[in-house]
């Protein structure tokens with residue numbers, strides 16, 4: 001839609017003392033600009049997520065027998081390098097995915113939490129095995145009933161112990177979720193200057209809700 005703007009010109013010596021000009025709808029220009037920037041932002045996010053999902057560096061960390069199955073995925077039979085996750089890191093500061101493979105004991109819980117906090121964003125967690133998921137058969141005082149009680153978990157891999165194919169499937173599920181993430185790409189520049197957004201992942205926001213669902217009430221409290 002075209003708009004005609006009429007501007008008064010008091011210094012004009014001829015009639016009419018005004019100037020008419022036909023311009024585009026300013027709302028249409030803003031929509032076109034926002035659509036272009038939105039598509040450009042989607043393209044940048046897709047490119048960043050594609051690189052992140054194909055360069056997952058696992059943290060070399062195992063707590064029990066499930067780690068044996070995890071190590072099997074690195075052999076030539078399963079070849080975890082096909083998914084870009086063969087670069088095992090010995091330091092949490094160089095890794096972006098922690099695979100908790102095995103039982104999480106109470107004495108090990110603060111160590112796991114500290115190592116998770118030392119990892120840089122973006123970071124993900126895979127809980128491997130029944131013991132890491134819910135404590136497994138160890139319903140005793142010395143075992144944490146699920147590693148998600150201390151750190152947020154992205155993917156749960158069931159089994160006791162799970163086969164290497166199950167871990168690979170869990171890794172593929174994590175890659176699929178990474179492609180749908182909308183994380184800040186870094187420093188943003190806008191009309192108000194330069195800023196770096198701090199966004200809390202939805203996984204961390206709903207951590208307490210997930211724990212509340214897993215905490216079953218006793219018959220006395222029903």
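Backbone N, Cα and C define each Cβ position, glycine as well.
Values in this document were obtained by computation on a predicted structure and should not be read as measured data.
Among the features that Swiss-Prot reports, [4Fe-4S] cluster binding site is placed at 65, 66, 131, 160. Residue 66 ([4Fe-4S] cluster binding site) falls within a helical segment according to DSSP. Here the Cβ of residue 66 ([4Fe-4S] cluster binding site) has 27 other Cβ atoms within 10 Å, regardless of which shown protein chain they belong to.
Sequence annotations record features per position, and here Swiss-Prot assigns region 'Disordered' to 200-222.
According to Swiss-Prot, the feature compositional bias 'Basic and acidic residues' maps to 201-212. Residue counts for the compositional bias 'Basic and acidic residues' (201-212) under DSSP, split into helix (H, G, I), strand (E, B) and coil, are 10 helix, 0 strand, 2 coil.
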Neighbourhood of the [4Fe-4S] cluster site (65, 66, 131, 160): other residues with Cβ within 8 Å of the Cβ centroid, in order?
64, 101, 102, 103, 128, 129, 130, 132, 136, 159, 161, 162
Within the chain of residue 131 ([4Fe-4S] cluster binding site), which residues six or more apart in sequence place their C-beta under 8 angstroms from its C-beta?
64, 66, 102, 103, 104, 137, 138, 143, 160
